Amino acid sequence: MPKTLEGQITMEKTPSYFVTNEAPKRIHSMAKDTKLIVVVRNPVTRAISDYTQTLSKKPDIPTFEVLAFKNRTLGLIDASWSAIRIGIYALHLENWLQYFPLSQILFVSGERLIIDPAGEMAKVQDFLGLKRLVTEKHFYFNKTKGFPCLKKPEDGSPPRCLGKSKGRTHPKIDPDVIHRLRKFYKPFNVMFYQMTGQDFQWEQEGSDK
Ligand SMILES: Nc1ncnc2c1ncn2[C@@H]1O[C@H](COP(=O)(O)OS(=O)(=O)O)[C@@H](OP(=O)(O)O)[C@H]1O
């Protein structure tokens, strides 16, 4: 970590911290006033996205449908597969709440981040006690990329989209498998909404498209 000067905040991004058992205790013992930001998306889409990322590096892995089940005939989901386990957000959050109050954690909706990046960034800036400097004018929707991209109107620098590995097309997954995964996640999602006081609406039709 670089030294943080007066008036500065230091930020660090490691997605795996959220699901690492030892992380809350370690971060708390380092700085208990640390603010935490977690971007969460529909766990079904998250699992497919995770698989898509692995597949791009290891094209020979079994299909998503095969990996998702311990026993497909019995409909038994393999919750030990990391792509699935990571999406059990309530389980991971419970671990963090042993060390940090909810007020120190901001949950950003991954879906809203795509639909309304400026709106989600306003929440992030408020949470960090920053002036709302990043606003609507810093985003535009890039039709080729299919996602919002960033521009800096102040200095005239070229717009910037996230890299090729973000926003890839997902493979088509058997609808029955999607259905079973939705059912699997539902109680954990409901628990997560209760714990956070936020309804992410992942049960709505089409939210995992
Ligand atoms: N603006 C913008 N541009 C591109 N992609 C965007 C954007 N906003 C959110 N997303 C979604 O971010 C997903 C990739 O993030 P990751 O969590 O995999 O990133 S990281 O590996 O943790 O760095 C990525 O998931 P995939 O679509 O599965 O690739 C995107 O859906």
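Using N, Cα and C of the backbone, Cβ positions are placed for all residues, glycine too.
A TrEMBL annotation is a machine prediction, not a hand-curated record.
Residues annotated as domain 'Sulfotransferase' in TrEMBL: 30-186. The 3'-phosphoadenylyl sulfate binding site feature in TrEMBL is assigned to R41, S49, K166, G167, R168, T169, H170. The disulfide bond feature in TrEMBL is assigned to C149-C161.
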H170 (3'-phosphoadenylyl sulfate binding site), number of other Cβ atoms within 10 Å: 13
Rounded Cα separation (Å) that holds between R168 (3'-phosphoadenylyl sulfate binding site) and C149 (disulfide bond): 15
For T169 (3'-phosphoadenylyl sulfate binding site): DSSP state (helix, strand, coil): coil
Those binding-site residues listed as R41, K166, R168, and which of them has the most Cβ atoms within 10 Å of its own Cβ: R41
Nonlocal neighbours by CB distance (under 8 Å) for G167 (3'-phosphoadenylyl sulfate binding site), same chain, sequence gap 6 or more: K145, G146, F147
Greatest inter-residue Cα distance in Å for the 3'-phosphoadenylyl sulfate-binding set R41, S49, K166, G167, R168, T169, H170: 16
Using Cα positions only, nearest of the binding-site residues to C149 (disulfide bond) (S49, K166, T169, H170): K166
Binding-site residues close to ligand 1 - of R41, K166, G167, T169, only those whose C-beta is under 6 Å away: K166, G167
Residue among binding-site residues R41, S49, T169, H170 with Cα closest to the Cα of C161 (disulfide bond): T169
Reduced DSSP assignment, C149 (disulfide bond): strand
C161 (disulfide bond) CB neighbourhood, other CB atoms within 10 A: 16
